[in-house]
Amino acid sequence: MAKRDYAAAVQALNTLQSNFSIVDAIRKSGKGMNKQAIPEMIEWCRKIGYEPSNFDRLRPIHIAGTKGKGSTSAFISSILAQYTKPSAGSSTKPTKIGLYTSPHLRSVRERIQIDNEPISEDLFAKYFFQVWDRLEAAVDAENTPADVPTKPVYFRYLTLTALHAYLEEGVDSVVIECGIGGEYDSTNILLKPTVTAVTSLGIDHTAMLGSTLPEIAWHKSGIFKPGSVAFSAPQKEEAIAVLQERAKERSNQLHVIDVHPDLASNKVKLGLSASFQKTNASVAIAAAAAHLRALGHTSIPDPTTTPHIALPPEFIKGLEEVRWPGRCEVRREKNVAWHIDGGHTLESIEVTGQWFAEQMAAANAAPGSVKAAPRIMIFNQQTRDANALAKALYTALQAGITSDATSPFTHVIFTTNQTFSEGYKPDLVSINTNQQDVDTLAVQKALANTWSEIDSTADVKVLKTIEEAVITARQIAANWAKEAGADAEVMVLITGSLHLVGGALEMLETHPVK
């Protein structure tokens, strides 16, 4: 491998993706999660020179859940970032906060952050190839047979790279978001997290985690550890019972965190606008408080004995300043208000619908609003039951319909996750979908038929790329502005797959309105 730059690292990383045929076979096999995943991951760690105990010095916070685990992780990291600078006159060095999340939207570097910024391309390439070279050296040292993999798969490799980078960069605390599940997730090699937390649970990844809430709760609670504080968002009773039992098995007590009063009353204005983010932020408050107390910040109240702690100014600042692109995000350009939120499960698409309904109601109530303005949706979900998601979204949006409208959208666009008509960005490449379905627009055509059945008034289009979808939405908005006035604004909802959201953000950033 001649080049050792960022582009070469991403290209090499993409060779570790599981292709569609492998992923599909796993889904259909019904075998569930690989029960050897943790021993295998520990062995990969050893090949690059680490034991799981080496990661204790990162003082990790471990987050699992179905919905909101990324947002919760971002809230925690944003709060902890307010405590990184030493007090005036102190000789203490500034602390560094790591944040490891998935998936990425525009750049794979987003997954590995330090102080709430993705690591640089140079640092990513440096640590990526250090891991690569150590694994290559292990092959030579161990005379690995030709039919045995010499590199872990994509997510495991990124987890190794992240942990290696955090140790090399001297990170003091790190927030680690699980990939899938918890018990057998690659991140669950952590031995001594200060805090573990489970966010809202729902039905997802059923082939690997099971099809019932108790089964899914069992997997998620696998992150609980003796000596760590265990938190959960409010759950259905059948899930709470499993979480409590699993915590007890690990000599732990589960603490269920309700919405903090300062968030319920809107006394604190969250950086992520949707009402459901109050649940995520409340779990984050408890997790950050328990973690900071473990680091010696004893002036912060104990969230295990004081359910709703008085929020220090640093907490309020962290909650208000959090940024998490593509999640309940609103971006404005000439004539368009882009509303962007990934929703890939039935539960998450419903809360996306509720959020957009809130946004529609606020827009309709605004002085000078034009209620006849077009509303547009751009949607895709390539691998799950896309039709069920579309129906759930439509149902959730009914709450936002005004008295003079009959449907949530005047225009609906279904597209693939392919970003551009020509050329591509390696960070956005995904090979775990059915390429034949993508090429024939099979999913999109089925979605168009479904939407036309539930809303015959909408103008429904099927387009090949995200680029075409964005251009089409902009053209609809421009045409409306000619009729309604230069300042007229059209609301557009982009939702479904996070791959779609990432491609849309890439398009909006690289092809702004001129």
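Keep in mind that glycine also has a Cβ here, set from the backbone N, Cα and C atoms.
Annotations in TrEMBL come from automatic prediction, not curation.
As annotated by TrEMBL, Mg(2+) binding site applies to Ser102, Glu177, His205. Listed in sequence order, Ile63, Lys69, Gly70, Ser73, Tyr100, Thr101, Ser102, Thr187 are the same-chain residues at least 6 apart in sequence whose CB falls under 8 Å from the CB of Glu177 (Mg(2+) binding site).
The annotation ATP binding site is assigned in TrEMBL to Arg327, Asp341. Counting Cβ atoms from all protein chains shown, Arg327 (ATP binding site) has 25 others lying within 10 Å of its own Cβ.
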Original post:
Counting only other Cβ atoms and using a 10 Å cut-off, which of the binding-site residues Ser102, Asp341 scores lowest?
Top reply: Ser102
